[in-house]
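Enquirer: The structure is given below, and queries will be raised subsequently.
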Amino acid sequence: MSEGKSPAKKRARRSLSISKTKKNECNSIISFFNNVPPAKLACPICSKMVPRYDLNWHLDEKCANNDNITPVDLRHVGFTDSSGSTVNLTNTVLENVTPGKLSPSKASLTPDPSDSAKMGIKQQTSPYFKNNKDLVFKNQDKLRHHNVKVITLGSLSSKLSRRYTEARRSICKKNEEFASKSPQSPSSTVVRSPVDNCSEIEDKDQILENSSQKENVFTCDSLNEQRTEHSVEDTKVLEAESQEATQECGRSPLTPAFSDNAFVLFSPDLTRGNPLRSTSEDSLEWETITGIDGKDVEKCEAGSCEEVKVTVASEAKTQLSDWEAKCHSSTPDDSKGCNIQDLLLEGDSDLKNEITCRIPLEQGSSCDVPDKTVTVPPSHPYYLRSFLVVLKAVFENEEDRMLFDEHEKEIVTKFYQLSASAQKLYVRLFQRKFSWLKMNKLEYEEIAPDLTPVIGELQQAGFLQTESELQELSEVLELLSAPELKTLAKTFHLVNPNGQKQQLVDTFLKLAKQPSVCTWGKNQPGIGAVILKRAKGLAGQALRVCKGPRAVFSRVLLLFSLTDSLEDEEAACGGQGQLSTVLLVNLGRMEFPRYTINRKTQIFQDRDDLIRYAAAAHMLSDISTAMANGNWKEANELSQCAKSDWNKLKSHPSLRYHENLPLFLRCFTVGWIYTRILSRTVEILQRLHMYEEAVKELESLLSQRVYCPDSRGRWWDRLALNLHQHLKRLEPAIKCITEGLADPEVRTGHRLSLYQRALRLRESPSCQKYRHLFHQLPEVTVGDVKHVTITGRLCPQRGMGKSVFVMEAGGPTAPATVLCSVEEVALAYYRRSGFDQGIHGEGSTFSTLYGLLLWDIIFMDGIPDVFRNAYQASPLDLCTDSFFASRGPAIEARLQRIHSAPAESLRAWVAAAWQAQEGRVASIVSWDRFASLQQAQDLVSCLGGPVLSGVCRRLAADFRHCRGGLPDLVVWNSQSRHFKLVEVKGPNDRLSHKQMLWLDELQKLGADVEVCHVVAVGAKSKSLT
């Protein structure tokens, strides 16, 4: 090296200068623009050309819902010749074939993708998936004495080199010559292997480097993830026995049965070395297992599948001999083409066992052949299957079926009589917001390329209405887009035609109300009619689901999900949440606890009762939406309308029946819903600073005890605040506090809040003349706990919100600065204090332990009406007093055992419940709260029986009011088993009344509790240095 000599093995450097002596001139810049990535890529499932960036969406929404593609095993699929016979590949093994060395990146049997432009603009199918050419094996003898060696793709620099480009072009040229020389059969079927697709994709390196759809492209390296070289030696070709088909599979006009023109496609999962999974929405898992006798058996795992026996009969000898003849007649160069195709069946035995093909197969068709079964998934997409499950569940129950009249039952019957495409489209439209939709904006290719006949069928059946029935100007204006509204505004010469959409809509509505200037001609249309006509002309064809059938299906969904939270009953969502739950359960991704459904009490007396409840539930949903959006005036108008409707219903006879229902069923009555609306009205009036009206509403709510008794504490507390703070009425405020403390429904935090307000009023100088009113107050005492103070660096931030702290992390060698919450600052402090374990879970930590220790009691049988459907995460009476009352002896016995149990027993009980119920959806259990079962067992060992039994008793007695306020942190030392329960308070934060009560209760149970105050260091306005 000192003499300036290069090393012997050093590769000669390539000059970077452009020299005239070079053999190959640099390509023109035009070639760069000619080789840009294509705008569309071929879908690996259905072979359609789709936009590059829509490939994921296409696979999820269209290919996955293609009913005509059914996964079956390759060894059950026969290649078909022109005579209609098929080759049975089930027991065919290609042996004694050792393909020669060949890199999959430098061989392809398909034309260059750039040639697709020459085939015409109208082409919508990738040339790689054309099924009009057959694969020809030529030179079988050559194949028997060669090894296949899969070479890795190499570095990026080698792929970009000119030498690599030249070699690739020469290989493509040879492949084109091979394709032109090979005889083709017009009736043959092309079978594409993943290796072929790898070659095609490699010819578009630029696509791989620039596209965002890399996960949908086959990769050659994944074929040989564990090994880089595969070879098969000393094998023999066995001839398969042929047999005649005993029965021909039935055909369907929509889903053709297995035939000679059925194309075969491979899933991308093959190239990743994974077992093939169906891309349909059925989530079926297909496995191939070999029995004792060597025969392959197909196993389908799914919630519900139909098995169809399909005969795969063929003349294997004739077809196989044809292949051998073609391979023997091929040239040596052409043998490479056979090698690529043979890699699929011969290169790797493990890969061969995972191959699954797709053929169109009609559901329900069958051909009787022994030991040959193919499981066909349900033909409907997931949303239609879930919708049908809901309909079946409701109308199979006599109590629910009686809530619909004959006309409504006929509507459901008509829906069942619709075609599959019409049912799919209706469910899609039903799940969308209830409004008019432009027909040219609807695009559901998985349903039908042209939706016009499907829409016509739905319109004729009475499920859809078209623009001919669109007569409301406000609805037409909402249908128009912003550019269309501006065009319409210019037509009518509005003052500000380029304004916002809502401003233009309001202007048009005001203009339509103006009287016409022309006084002659009474038959002349007014300005509103003219605007309506012009607007409908701009909107074009439109449609909307009819209100009548939609209301019927909405009530069906309401009955099906009656036990769900009423906040989820969004009128505009079309039951999306309920259908999603059904889907997840059917797919096995969601599982509810095991319990016995026991429905004894009828909630709704008749159809009108259900309709009133549904109307009130939708009104509550509309008011909640307006409040969430900050539209307080609109929310006030809606609440006043609801109040008027409720006043008309107060004398209805059905309300007396509702009053006698158990409390946990009374919440599904119309009176309960309107009471919740009036409670929301109080908040709306307070937001609008209408405190006088708010006080009247609160007094009206407190005057009844039938509905929402669990909210009485909040109502009393709010009434006292309005009278004391906002209206300055001291004597009524004191009387309110006295009555509130005497109310047995006022509990925990609200009771303490009222008592503390009374103490403040008693000490106030302005209340000296009312001190005699405080003599009858019941005393509420709460003990204090230990307080500690730590400091933390506050992150500079603007506006409101939780405080964010800056904390140093990492070791001395790799220091780092992280942003964290106030609870994480406290956890770091206690970690330095010797507590090696800690959880920030607030109430979910203790409710999870409560659910694990009392799981069998919470979901026990024998209690009527607490479990009314199969999708409940908790019993209906969990948050009522009847929960403890109906399970009193069992709960008392369990609490006694927990109180006196040693640590080993507690660990065993938690482990038994965890292992038996893990993953099931239960509202009180958060399975991700603990990192593992071991951590949960360690915590119960540290807490001990007395603390656990005391917490469980309080939660079981009044879960509604006691589930909140538990300490933020639980920290413990895994060696000494010392634990501490900590409530963390950041800057400008203080303890709530519920937190005070829980800290006092836990301290009485013997737990080490304390309040950790985190004081900020630094000002929010200052920046970090």
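The backbone N, Cα and C atoms fix where each Cβ goes, and this holds for glycine too.
What you are looking at is a predicted structure, and each value in this text was computed from that prediction instead of being measured.
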Enquirer: According to Swiss-Prot, zinc finger applies to one of these ranges: 40-68, 562-590, 678-706. Which one is it?
Expert: 40-68
Enquirer: Using Swiss-Prot as the reference, determine which range in 98-120, 167-189, 328-350 is annotated region 'Disordered'.
Expert: 98-120
Enquirer: What are the sequence-distant neighbours of His58 (Zn(2+) binding site), meaning same chain, six or more residues apart, C-beta distance under 8 angstroms?
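Expert: Looking at Cβ-Cβ distances below 8 Å from His58 (Zn(2+) binding site), excluding near sequence neighbours, one finds Cys43, Lys48, Val50.
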Enquirer: Given the recorded Mn(2+) 1 site (Asp968, Glu983, Val984), which additional residues of the same chain have their Cβ within 8 Å of the Cβ centre, ordered by sequence?
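Expert: Filtered neighbour residues, in order: Glu823, Ala826, Glu842, Pro967, Leu969, Val982, Lys985, Val1011, Cys1012.
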Enquirer: Hey, does DSSP put Cys46 (Zn(2+) binding site) in a helix, a strand, or just coil?
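Expert: Note: Cys46 (Zn(2+) binding site) is coil by DSSP, not helix or strand.
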Enquirer: Averaged over the domain 'VRR-NUC' (903-1015), what pLDDT does the predicted model reach?
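Expert: On average, pLDDT over the domain 'VRR-NUC' (903-1015) sits at 95.
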Enquirer: Looking only at the domain 'VRR-NUC' (903-1015), how are its residues distributed among DSSP helix, strand and coil?
Expert: 56 helix, 18 strand, 39 coil
Enquirer: Taking 10 A as the limit, how many CB atoms besides its own sit near the CB of Val984 (Mn(2+) 1 binding site)?
Expert: 23
Enquirer: Here are the binding-site residues: Glu842, Asp968, Glu983. Which has the lowest count of other Cβ atoms within 10 Å?
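Expert: Minimum Cβ neighbour count within 10 Å, taken over the binding-site residues Glu842, Asp968, Glu983, occurs at Glu842.
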